[in-house]
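Per Swiss-Prot, the features are:
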- SER15, ARG16, SER17, THR62, ASN87, ASP102, TYR216: shikimate binding site (BINDING)
- LYS66: active site, proton acceptor (ACT_SITE)
- GLU78, GLY126, ALA127, GLY128, GLY129, ALA130, ASN150, ARG151, THR152, LEU153, ALA154, ARG155, MET214, GLY236: NADP(+) binding site (BINDING)
Amino acid sequence: MTKQFAVIGNPIEQSRSPELHHAFAEKTGVDLNYQKRLAPLDGFESSMRSFFAEGGSGMNVTVPFKEQAFALCNVLTERAQIAKAVNTLWMENGKLHGDNTDGQGLVAAIQALEWNLENTTILILGAGGATRGVIYPLVQAGAKKIVIANRTLARAEQLVDDLKTAVPQAQLQAISLNDLEGDFDIVINATSASLSGDALQLPEKLKFKYAYEMAYGKPSSFLDQAKQRNVPYAEGFGMLVGQAIEAFSIWNGVRPQLKDFL
C-alpha cells in the first residue's frame, strides 16, 4: 500500500520536499506519495490532524508552523525539545511524535563538504529559530565553541541562557552583530538578511575558514563576501536535502545517501 506523506506550511508552493522524497523513494524502493499542503494561518492543527485521520504516515512542517507543531506533540525527541520547534511529525500508538531534523541536516551537509567540525569554533549570525535548531547537533558533532551574533544583543543572550541548561557541554557566547571580530573555523548565516536583501557587512577583523549560508537559490551578500575573500563556501541546499533524508529515514527505516542527491 502506498504510504502518504505531506509538507505543510503557508506559503508552501516554493517547497522542494515532494521532489526530494520522491527521489529518495525511487532510490530506496519505498512506495510513497508526498504532497504539498497549504494550511490557513489559523488552521494548522485541524489540517494536520485531518491528514493523520485520513491515514497519513508522516508530515514535514515548515514556516510558520514549527513552534505550533512542537506544542501539539505528545512525544518529542531530545533535539526537538532543545529546538522548541518540530519539522517532522508521525503517529505512533495513537500519539503524535515530533522531531527536528534541521540541525542534523546542517551537520550532514557540512560533513559532506568535508569541512571538519571536531573541536571547531563556530560563529552563527542570527538568533532566531533556525539558530536554536542547529546548536545541539553541531555540539554533538564536535563543535567546541559557538558564538551567536545578533542585531539585538538581548535576543542572542536570551538564547544562550536558554541553551546553557539544555546543552551544558557547549561553550556558548552571545555578541552583537556590530562587534564581529576574531578567528572562526566556520561562519554560518542564519539571518534573514539574505532573504530580504539587507546587506550584512562582515568586517575585515572577522576571520574565518569556511562560510555556510542557510538559505539557498537566492542572491546572498554573505556569500558574495566569502567569495571576495576566497573562502570555501556553500549555500543551504545540502542542509535541505540532509534534513529531508533524516525525516525519510525516521518514517521509512531506510537512509538514502546524501552524496547521491547533491
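Keep in mind that glycine also has a Cβ here, set from the backbone N, Cα and C atoms.
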Residue with minimal Cβ packing [other Cβ atoms within 10 Å] among the recorded positions ARG16, LYS66: ARG16
Winner by Cβ contact number (other Cβ atoms within 10 Å) across the binding-site residues SER15, SER17, ASN87: ASN87
ASN150 (NADP(+) binding site) to ASP102 (shikimate binding site) - Cα separation in whole Å: 20
Same-chain residues at least 6 apart in sequence whose Cβ lies under 8 Å from TYR216 (shikimate binding site): GLU235, GLY236, PHE237, MET239, LEU240
For THR62 (shikimate binding site), the number of other Cβ atoms found within 10 Å of its own Cβ: 18
Distance, ASP102 (shikimate binding site) to ALA127 (NADP(+) binding site) (CA atoms, angstrom): 15
Helix, strand or coil at SER15 (shikimate binding site) [DSSP, three-state]: coil
Residue from LYS66, GLU78, GLY129, ALA154, MET214 whose C-alpha is spatially nearest that of ARG16 (shikimate binding site), among the recorded positions: MET214
Spatial separation of ASN87 (shikimate binding site) from LYS66 (active site, proton acceptor) - C-alpha basis, Å: 6
For shikimate: widest Cα to Cα gap among SER15, ARG16, SER17, THR62, ASN87, ASP102, TYR216 in Å: 18
Cβ-based isolation winner (fewest other Cβ atoms within 10 Å) among the binding-site residues ALA127, ALA154, MET214: ALA154
